[in-house]
Protein chains: 2
Amino acid sequence: MKWLKEVDGELWLTEDDRENLKLSYRVKKVIHAEQSPFQHVMILDTYDFGPTLVLDGVIQTTSIDGFIYNEMITHIPMMTHPKPENVLIIGGGDCGVAREVVKYDSVTRVDMVEIDELVVKLSKKHLPEVSGNLSDPRVNFIYADGTKHVRNQPNQYDVVIIDSSDPIGPATQLFSLEFYTGVAASLKADGLMVCQSQSPIFHMDIVNETQTKLKTLFPHTDVYTAVVPTYPGGLWSFSLGSKKYTPESIATGWDKAASYVNADILERCFSIPEFMKQALK
Amino acid sequence: MKWLKEVDGELWLTEDDRENLKLSYRVKKVIHAEQSPFQHVMILDTYDFGPTLVLDGVIQTTSIDGFIYNEMITHIPMMTHPKPENVLIIGGGDCGVAREVVKYDSVTRVDMVEIDELVVKLSKKHLPEVSGNLSDPRVNFIYADGTKHVRNQPNQYDVVIIDSSDPIGPATQLFSLEFYTGVAASLKADGLMVCQSQSPIFHMDIVNETQTKLKTLFPHTDVYTAVVPTYPGGLWSFSLGSKKYTPESIATGWDKAASYVNADILERCFSIPEFMKQALK
């Protein structure tokens with residue numbers, strides 16, 4: 001396994017997605033490693049972050065900090081919409097987003113479209129801290145290509161959450177205007193979507209391009225951030241596109257149990273650092 | 001140099017301050033490396049973060065993200081005090097904090113007490129992006145032990161900023177109750193102090209202990225956060241202790257040129273994630 005190396009009797013995972021900055025995690029145990037038809041999937045037990053999902057050598061979610069990303073990509077759109085009923089999750093194989101979505105009583109149906117069934121299977125089995133042993137009957141698992149799915153679901157969803165991996169390999173098309181156009185068509189007339197849009201430190205270009213694309217499709221767009229320790233740069237961006245609702249009074253009625261999100265964080269997350277503001281102009 | 005390694009013809013700095021998580025930076029060039037009487041000091045030109053100050057193998061500040069830490073440790077206390085005149089900086093050898101402090105016209109005197117003259121010398125020479133070629137006549141450079149300095153300056157300062165390295169080696173005593181007691185004594189009757197208090201992800205114990213210590217000395221204490229990409233965990237905490245003023249309406253009158261701080265960030269930085277709130281209870 002090219003991503004794992006033994007050094008002085010210790011096992012280390014070194015991510016190789018960045019050329020000039022490497023994060024290395026000491027590994028207790030390889031819980032599972034398997035090549036799926038789409039990517040190389042590992043569950044590693046790490047010393048600092050516990051059981052961890054690794055796709056093609058890149059950490060996707062960990063038992064210790066996975067909640068930050070999953071809560072932030074979920075609760076901001078869900079609190080922006082006054083009554084989300086039909087929700088689509090694209091990607092999100094670790095089940096962490098679905099777990100947050102089903103906290104809303106208004107939700108009647110969650111379509112979870114993940115291309116790789118192996119990721120769901122392993123996350124449910126080995127990452128209960130992330131997946132929460134998700135067994136809510138409202139969640140429909142659909143193992144398919146998200147870009148194709150949205151084309152056949154016009155006017156269906158209140159909220160679409162795009163929980164993709166990085167824009168390399170299979171996830172590249174999840175960052176395309178063509179795909180966002182499909183997402184917009186799959187939303188109801190007052191629907192809204194959110195996607196992860198990479199690191200403002202290293203990829204302000206992607207943050208900007210995502211906003212540019214969403215602006216052609218939605219009257220309201222916005223960017224918010226959260227801190228994800230296991231993503232390079234720490235600061236992470238999310239982009240919102242909405243046909244009608246805007247994230248004002250977003251904390252009103254907040255009553256969920258969560259570990260990162262609270263009313264303050266909901267209200268604060270759209271306050272972005274000055275260098276981001278200037279780069280977005 | 002044990003911290004630098006050549007791998008396949010590339011030079012890499014690997015920080016060894018954490019046992020089970022390592023950040024490695026590809027190095028273009030060693031600009032300077034020297035053992036001072038206090039620590040090993042390097043200026044490295046890195047690919048992702050530009051010229052970078054490294055003490056005992058640990059990155060302290062970089063040309064690319066150094067502004068985040070320096071702006072956040074400076075402007076929150078400076079905006080909390082209605083008219084800061086005499087300011088003490090303890091540590092801060094990279095001059096980045098002093099550079100922010102002198103942006104306030106009310107300031108008449110800045111005592112910068114740094115134990116290691118070599119850090120100041122090299123930062124002024126090789127890190128202009130951080131030090132800003134600081135040459136303001138209001139700044140007095142004092143090369144001494146900060147813990148001793150505060151004991152001989154009763155009732156002197158409006159604001160004290162403690163810009164220390166991690167609580168290992170020479171900086172350990174800058175996290176002690178004895179030292180904070182000295183700082184409190186060096187402050188005027190309406191003075192306030194701030195210190196960096198480590199990562200809430202990995203060292204919530206230090207955040208908590210710092211608050212506990214400050215609470216014995218100040219009627220008002222508080223914690224705020226910022227995102228520093230080159231510090232492990234990304235999220236970083238700062239602790240405030242104040243004899244009189246509280247950070248309400250902190251953004252009123254904000255008019256400085258800055259890259260991270262803006263009025264939104266000033267108002268929101270005290271909104272902390274739920275897991276921190278609960279751990280602080």
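In case you wondered, yes, glycine gets a Cβ from its N, Cα and C as well.
For the domain 'PABS' (B:10-243), the mean pLDDT of the prediction comes to 94. Per TrEMBL, domain 'PABS' is recorded for B:10-243.
According to TrEMBL, the S-methyl-5'-thioadenosine binding site annotation covers B:Gln39, B:Glu114, B:Asp145, B:Gly146, B:Pro170. For B:Gly146 (S-methyl-5'-thioadenosine binding site), applying a Cβ distance below 8 Å and a minimum sequence separation of six or more within one chain yields B:Ile90, B:Gly91, B:Val113, B:Glu114, B:Ile115, B:Ile162, B:Leu174, B:Phe179. DSSP assigns B:Gly146 (S-methyl-5'-thioadenosine binding site) to a helix.
With a 10 A radius on its CB, B:Asp166 (spermidine binding site) counts 20 other CB atoms from all the protein chains. As annotated by TrEMBL, spermidine binding site applies to B:Asp94, B:Asp163, B:Ser164, B:Ser165, B:Asp166.
Its Cβ placed at the centre, B:Asp163 (spermidine binding site) has 26 other Cβ atoms within 10 Å. Per TrEMBL, the feature active site, proton acceptor maps to B:Asp163.
Note: the CA-CA distance between B:Pro170 (S-methyl-5'-thioadenosine binding site) and B:Asp94 (spermidine binding site) rounds to 16 Å. A distance of 12 Å separates the Cα atom of B:Asp145 (S-methyl-5'-thioadenosine binding site) from that of B:Ser164 (spermidine binding site).
Looking at B:Asp94, B:Glu114, B:Asp145, the binding-site residues in this record, the fewest other C-beta atoms within 10 angstroms of the C-beta turn up around B:Asp145.
Residues within less than 8 Å, Cβ to Cβ, of B:Ser165 (spermidine binding site) and separated from it by at least 6 positions along the same chain comprise B:Leu55, B:Val58, B:Gln60, B:Gly91, B:Ala171. Neighbour list (B:Ser164 (spermidine binding site), Cβ cut-off 8 Å, at least 6 residues apart, same chain): B:Ile90, B:Gly91, B:Ala171, B:Leu174, B:Phe175, B:Cys195, B:Gln196.
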